[in-house]
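First up is the structure itself, then whatever we jot down about it.
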């Protein structure tokens, strides 16, 4: 960490930024902000470019009506001074910040127009204009003819009376005031309490298009520049930014902290924080959080693992960490899980803070994974950055994939890399099997508006991106993949790229690997996976070795109206085993082929896609399915554990697609009475969970619940025995998960001893609130079960404990548990809390509503609530919020009736004028899912009822 130095002077810095007109500016801000907000609400976001256009786009005539910056100007450096006020204005009640910015830019093409992003900033007029232009190095600037703010495209427009000349450099200076709002975007405020005293943190979230809310800037990823930051802040607070502190000056009114120049970087990676936080450190790594959290050691685990993960990535990339310090800070209010700001990574508290007494093994795993994800970005994304947001998948998909490698290096006993199959691959397949899905990569011109960009932050980008890069690494081998990455990073460091640049470097590495044989170039293979949506269903006929591929759709009757130049065919790498023995991998290069070794005789069976290394599902002829089921029932451990999970998940999804019978899918769960591993149980729980969503309001529910109770009892008894009647916790990481799953399924399926156990644990806690007897691993499950069985007394106790929780991860478990009540009036109360930031933080509001929707009692209540309050939610929580898509998906996942479909269609119609922002695509997917659910229930209800009735009987 670079060392700064401290100077103590009698200095008044209060007048540095705000002059005589400051008071008027502050008062005017509330008026201007409300006007700009009203204007922005009039904009009708389009469909996001992620589904086929239905109307002809009209090209804007004026440059400032386009959403993209012209290529005539390029920023070189910024000199920015910001002063956040951590107390509300007495006259307006607003929290504000004031600032000044001087951006040096180079003219690339002669122009008489300057476009620079500015959003929700009140710019001080200088000689009647919104900025001042000067020439550098002898350049003579033209005069400003006119200037104005263009709120729709978020530009400050400056018209000149002459042309800027190519090759010359100029400086644009501006003074401004903005609101330090609680909207979780740009330069915003976060709040927490120490006792009864409210503390305010000024912090940032710039990705994807919020830097323009903090200062006027060229706010696109390719517009990289050097940033010189200065922050003015109250005495007793500390200021942080991307770079190390250069000098701190203690003035009479405020403290001024200046920072060293950053490396050349994108605006979306900027970060600065003013707080009263404390830190722990080792070498150049610091973990920042609330003072109480640091005192209690909640940052210790993050500090312990950051160094080893950084060392892993330095070796993996064969490139040194690019900066001289690594700050990581846990914020009470934060919209995403974390943000990879270069040198100053911001986190939700749940993603960075750990307490041995109250945090679970899942909390620890989440922290290790998120830290690994963000540190991976320090090279891939920050040092080398995508040129435009259409290639966001490469940035986030890569970080998601290697986060499993980094976390596994820090916790080698977890066997963590296998979990990517459940957490990413199968999770995203359910979305990518919809006709309303979208390709990983799209054309630049299809992604323009901020809402369209925000819509890209979805599971396709993160999880499918990770899955196909993992597949690429598997067939190249990890050493070849890593060598290509290394040359890619070194060639393009501090620059911007497109995905083809990575393909080229991986191809070069592949060409140097003598034993590696590919059926085509990497670009030819991979373009089929990133430029068309979906994935293949590979069907194998073991009677003749015939193999085919088809675009897999959950609803085979859905219409795919997005054309593909590849006709929805893929070049598929296939690894397989024969009766438990690995075989030579091969490639499926066309729609149909014959691979003679796949032809089986006798009792031999085929299982393809071993370790689920490829992004596809597999179907077999009926005889091979029967042989696999026989193997599961006789000796399931012959089949690798990942592939036991695969058999379950593939079968259930093929059944939903009418490729195999629903009875066959259900039969894959019969062997579970013998299963003790986590992954097969997790996949069975997820897939049976779909049945519960479809049937928990029907007569199917009783026998379905009885069948699950029958299947889980041996697992429940197993863990009761090995944990000495629940007094111990298993040593193995995944066994701890399986224990939680055993209790969860046993209690939800009505095992009496389990229900009594949860209630007794919770009652014991109510008697001694200061000492929670429930192990952290089990708390979320126990809280939910106990509150479902209890009433208002239990609910009020849990709410009190939620508000007093000493660590965010414990608060999150209680937040979830509170949604499990069966009392409609308590659910309604909780819903009203969701829109009161004093009770439920804005960052948690949509999560809470989604959790409530998972409760069969709460689902209709939350749907009514969201529809009734949509205008407020949309406008106050931001039409570009990352969580909007999650909200729609979570609320509608149980929809399976014509009535619910009509309600959804009416909701879309009622909001057509305003638009749905970043939820647009989620709504289209909800429509498709609902229609598919209606058909599936109609076609399968009778058979499912009979099957569960027949198989739930105790022998």
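Residue numbers in this text run from 1 along the chain shown.
A Cβ is built for glycine as well, from the same backbone N, Cα and C atoms used for every other residue.
Feature annotation from TrEMBL assigns transmembrane segment to 12-33. The annotation region 'Disordered' is assigned in TrEMBL to 40-61. Among the features that TrEMBL reports, compositional bias 'Low complexity' is placed at 45-56. According to TrEMBL, the domain 'Aminopeptidase N-like N-terminal' annotation covers 75-269. The feature domain 'Peptidase M1 membrane alanine aminopeptidase' is assigned by TrEMBL to 301-529. TrEMBL lists 373, 377, 396 with the feature Zn(2+) binding site. Taken from TrEMBL, the feature active site, proton acceptor covers 374. What TrEMBL lists as site 'Transition state stabilizer' is 462. Per TrEMBL, the feature domain 'ERAP1-like C-terminal' maps to 605-931.
Remark: residue 373 (Zn(2+) binding site) has 338, 340, 399, 400, 403, 406 as non-local neighbours, by Cβ distance under 8 Å and separation of at least 6 in sequence. The domain 'Aminopeptidase N-like N-terminal' (75-269) scores a mean pLDDT of 97 in the predicted structure. Between residue 377 (Zn(2+) binding site) and residue 462 (site 'Transition state stabilizer'), the C-alpha separation comes to 13 Å. Counting other Cβ atoms within 10 Å of each Cβ, the recorded positions 374, 396 show the lowest value at 396. In this structure the C-alpha atoms belonging to residue 396 (Zn(2+) binding site) and residue 374 (active site, proton acceptor) are separated by 10 Å. Counted within 10 Å of its Cβ, the other Cβ atoms near residue 462 (site 'Transition state stabilizer') come to 23, all protein chains included. In sequence order, 340, 374, 376, 380, 381, 395, 398, 399, 400, 403 are the residues of the same chain, not among 373, 377, 396, whose CB sits within 8 A of the CB centroid for the Zn(2+) site. On the backbone, the CA of the residue listed as 'active site, proton acceptor' and the CA of residue 462 (site 'Transition state stabilizer') stand 13 Å apart.
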